[in-house]
Amino acid sequence: MAARLGLTTVSSLGPRKALLSLPVRLPSLLSIPAPRYPSHRHFYTSLSPPISPLQLVRDLSQSQVTMSTSGSDHSPISTYEKELAAAKKAACLAARLCQSVQAEILQSDVQSKADKSPVTVADYGSQAIVSFVLDMELSSGPFSMVAEEDSADLRKDSSKEILSRITDLVNDTLSTDPSFCNVILSEGILSAIDKGTSEGGSSGRHWVLDPIDGTKGFLRGDQYAIALALLDEGKVVLGVLACPNLPVASIQHTTQNVGESGCLFSAIVGNGAWMQSLDEGSSPTKVQVTSTADPVDASFFESFEAAHSLHDLTSNIAKKLGVKAPPVRIDSQAKYGALARGDGAIYLRFPHKGYREKIWDHAAGYIVVTEAGGVVTDAAGNDLDFSKGRYLDLDTGIMATNKKLMPSLLVAVQESIKEQQQSASLL
Ligand SMILES: Nc1ncnc2c1ncn2[C@@H]1O[C@H](COP(=O)(O)O)[C@@H](O)[C@H]1OP(=O)(O)O
Ligand SMILES: [Mg+2]
């Protein structure tokens, strides 16, 4: 099996897709101390008697953990370091599971959800792993998670086989880490997935997870990300983006010969944005958005899928701004990672009318880009508000760039949207 770069640049000759054969490497975990084994651990394991999934949900009101009352009245670095280590570990293990599934993916692994979007065993497995690892690593605290999947479909009789496959995959993946030694039963998997049903909001801490962001890219064998963030009092304070197929080297001028792939981006509020390879023993290096102030030198990222973002509108925005380079189309929040390290200068996302953005599709990417010195706003130039629950309540679209380009980008976006509305009203 070969991993593929899965990015497209669009020239006057039309889309050109770079499909490169790269050896698939399974990332090793970062060096993190083994977790303490909390008393509730047995709920997940084969040693425990059958229990209700509700028993797996901690009573938040009984929690002993000290919660910050505001994101600004303490040192953010010391506050969130333990959480960052846990998030990196969770994302790396989830990436390892996803890589092994992507390497052998079959059409029969695809399930339908009510909204008809594709859901794979890797989607559920990734969510179960992140939920389980966070809970284990941060065992003394309350646990709330806003995540994409729930277990409703998996609990159906018709899903027994797929649930068994997920259970095996999760156990196989966790067994590669010496700190996890027990077997998780299917009921434990379902319960771990269902810990992602929190509504989030403006108070307390909430993990925000997209277990596979860019499912379409994942199924195609292209770009995807495991995106995990932490909200504290409604603000994103930490984010981790694991991008197993993103080249470690810049993709700025590259559609081939990309070298090794697998990147882990991370950020804590006030501490900058960092990137490391998913390889064992890699060290993070600080990343920054591009400093270009001239749109002529800028290139822009957008969705690979035309159904996810209006390519006509973004093309008009780029033209108005004076961007000369063709769009670089890649799936998932890997775009935020690539932007954060300066591979391109602008990210434009303008979904079709009626689409509601979810917080897990942007929280991790948002903090990685803002900590890299960038700005992320809606189409009206407003900051993104992650405190409203599972959805982002925003105006029309999302854009990200550096601070120098944002004022002219905002003008180009607003003019283009106005023109689009005028031409629609003439029809
Ligand atoms: N109709 C849609 N319009 C916009 N975004 C969508 C749509 N359907 C799914 N998405 C989500 O858009 C994100 C991918 O964006 P991009 O096109 O930039 O790769 C994913 O989070 C994907 O969900 P999912 O995470 O389930 O794949
Ligand atoms: Mg997503």
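In case you wondered, yes, glycine gets a Cβ from its N, Cα and C as well.
Just so you know, TrEMBL annotations are computer predictions that nobody has curated.
Quick look at what TrEMBL annotates:
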BINDING   Glu148, Asp210, Ile212, Asp213, Asp361  Mg(2+) binding site
Please classify the secondary structure at Glu148 (Mg(2+) binding site) using three-state DSSP.
coil
Extra residues within 8 Å (Cβ to Cβ centroid of Glu148, Asp210, Ile212, Asp213, Asp361), Mg(2+):
Leu209, Pro211, Gly214, Thr215, Ala225, Ala227, Ser332, Gln333, Lys358, Trp360
Counting other Cβ atoms within 10 Å of each Cβ, which of the binding-site residues Glu148, Asp210, Asp213, Asp361 scores lowest?
Asp361
For ligand 2, pick out the binding-site residues Asp210, Ile212, Asp213, Asp361 that have a CB under 6 angstroms away from one of its atoms.
Asp210, Asp213, Asp361
Which of the three DSSP states, helix, strand or coil, fits Asp361 (Mg(2+) binding site)?
helix
Under DSSP, is Asp210 (Mg(2+) binding site) helix, strand or coil?
strand
